[in-house]
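*Asks:* Attaching a single structure in structure tokens format; questions to follow.
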Amino acid sequence: MVTTPATSGLSLGLSAIRHGYTLGRDFTAVIGGVTLNIAAGEFVALLGPSGCGKSTLLRLIAGLEAPHEGEILADGLPVAGPHPDRILMFQDPTLYPWRTVRQNVSLSQDISGKKDAAAVDDIISLVGLSGFERAWPHQLSGGMAQRAALARALINHPKLLLLDEPLGKLDALTRLTMQTELHRLWKERGFTAVMVTHDVEEALFLATRIVTLSARPARIVSDIQVDLPFHRHRDDPQVLQLRRDILTRLGHRDDW
Amino acid sequence: MSGTDISLTDRIGTRHPDAGITRRHPAILPWLPGPVWLADALVTWRWPDADDFPDTTLLAILFAVTGIALLTAAATGVLTKRAPWATALGSGFGAWEIAQAKLLSLPRPFFGTPQDLLDVFITDWHRLGDSLLHSLGLLAAGYTVGSLAGIATGIGLGRSKRFRYWVHPVLRAIGPLPPVALLPLTFVLIPSSWLAGEALMALASGFPAAILTWSGIAAVDPAYYDVARTMGARERFLTLRVALPAAMPQIFVGLFMGLGASFAMLIIAEMLGVKAGLGFYMQWAQGWAAYPNMYAALIVMSLMCTGLITLLFRLRDRILVWQKDGLKW
């Protein structure tokens, strides 16, 4: 086992990314020119109206699709396809129902062929799933399933974690716990994180930087550095001020 | 982590809804089947046969032994849930014995007596056994080859556009054709009737396996592939370790349908071309008006088919332990 795991994240450079989909005969532009540089170790939250192309952006960074225009650099190298350094975590846990929790968590080891049982044990206990290694996914609650998905994503110490509303479907209280967890893991492991969310509070609670996007095709509307120290409390006046500021930028000034 | 998901613990602990139910049987019920079978024995032994039937004494002894065994089972508490069935079976045998062996109320030789059937098993067990083994061999080879080829074809259809382009039309042309329709052609084209039977059984089992494997793979959540791809999985892993297990429930439906189709094909092939096996035995028995032999062959055939279906379900339960459904065969 490696004694000092790679705890540093990778840096990302997106230059003039444009992307779209052809549905039938119509071409829909989804991303309309996004340029964004993210330093190693940042936690960036992407906020924007529904369907604005945030998830597409994550898929492009993950390398699951190639952008129509523009270039994505990870640590200075162009992204040519998926890579275990860049792990994408979805809104649904997408655990494989035919694998136990343990087998799901060790998925990437099966793919790479490098077995490391101790690493599996470590990550399972890190996300609080000890004792449930042999459970089937359908036996887990939503929060447990998402923890297993988190363990599966983090087991090989990825340098970049792409989170596509990973807490979107959890109940409010489980969500709070998971936000704390996510923050702790990010602190401990030092990976770079890019998280898509609809929840301004979640972004304020976790992110070092909040990027807001326009409606489709997505462009960057604002890029706010959140310099508040962790742990940020939800009723902190500065947090509340930022929250109002961001909601205004998202076009929700008159909503509360 | 604090482990706040309280709901999980009781979900893990949840047992099958039927597990806790213990139906209370009246205490007398387990004691019922034994006397019924003993009564069968007495009737068989003491009431004179209506005609000269073989093995009446042996049948009486068998009934008596069964009755004693059932009484022992009742005494040791083994016989509980099955007592009603054991009683019904005993009553049925008794009624048959009286109606046919003692009163001869149905025309012979189409309807035999219990001792006729027993006599077939005693005198002809060797040929019945041989036929069974032959049928099993024919079935095993054809079904296994057909199912594996079907699954492979289904994987190809589900994962490769080019394969689908070429194979799909062929499958549409040949698949829906009842394999029986190809029987005459096969016996002409393939000189060995055994090989011809194999080919038809493979066809019969391969088609549903291919279609359902394909359908299973087509229904796989694309996110499953994305998960593995972000971890660096290649086509081989995506096919064998993601698509295939995800499609497994559907594949078993195909295997089940294919097994039924193979049974039909097996018997037809044996009746029409292959000069061995249970189908051939039945054909022969009918030709010689040896109706008890036909019934005996039917019983063996039924046991073989249900046994094989049971085996398939066992395999399914093993491979699909992760499924929630509670279907039991």
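Glycine is treated like the rest: Cβ placed from N, Cα and C.
As annotated by TrEMBL, transmembrane segment applies to B:56-79, B:136-158, B:170-190, B:202-225, B:246-274, B:294-315. Taken from TrEMBL, the feature domain 'ABC transmembrane type-1' covers B:132-312.
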*Asks:* Can you work out which residues elsewhere in the same chain, 6+ from the ends of the transmembrane segment (B:294-315), have a Cβ less than 8 Å from its Cβ atoms?
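*Replies:* Residues 112, 117, 120-121, 124, 128, 131-132, 135-136, 139, 252, 255-256, 259, 263, 267, 278, 281-282, 285-286, 328-329 contact the transmembrane segment (B:294-315) from elsewhere in the chain.
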*Asks:* Looking at the stretches B:56-79, B:170-190, B:246-274, which one shares the most CB pairs under 8 Å with the transmembrane segment (B:202-225)?
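*Replies:* Per the Cβ count, the answer is B:246-274.
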*Asks:* Could you check if the transmembrane segment (B:170-190) is in contact with the transmembrane segment (B:246-274), meaning 3+ Cβ pairs under 8 Å among residue pairs at least 6 apart in sequence?
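*Replies:* Answer yes, regions in contact.
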*Asks:* Determine which residues of the chain contact the transmembrane segment (B:56-79) at the Cβ level, with the cut-off under 8 Å and only residues 6 or more beyond its ends counted.
*Replies:* 30-31, 33-42, 44-45, 49, 86, 90, 93, 97, 101, 114-115, 118, 122
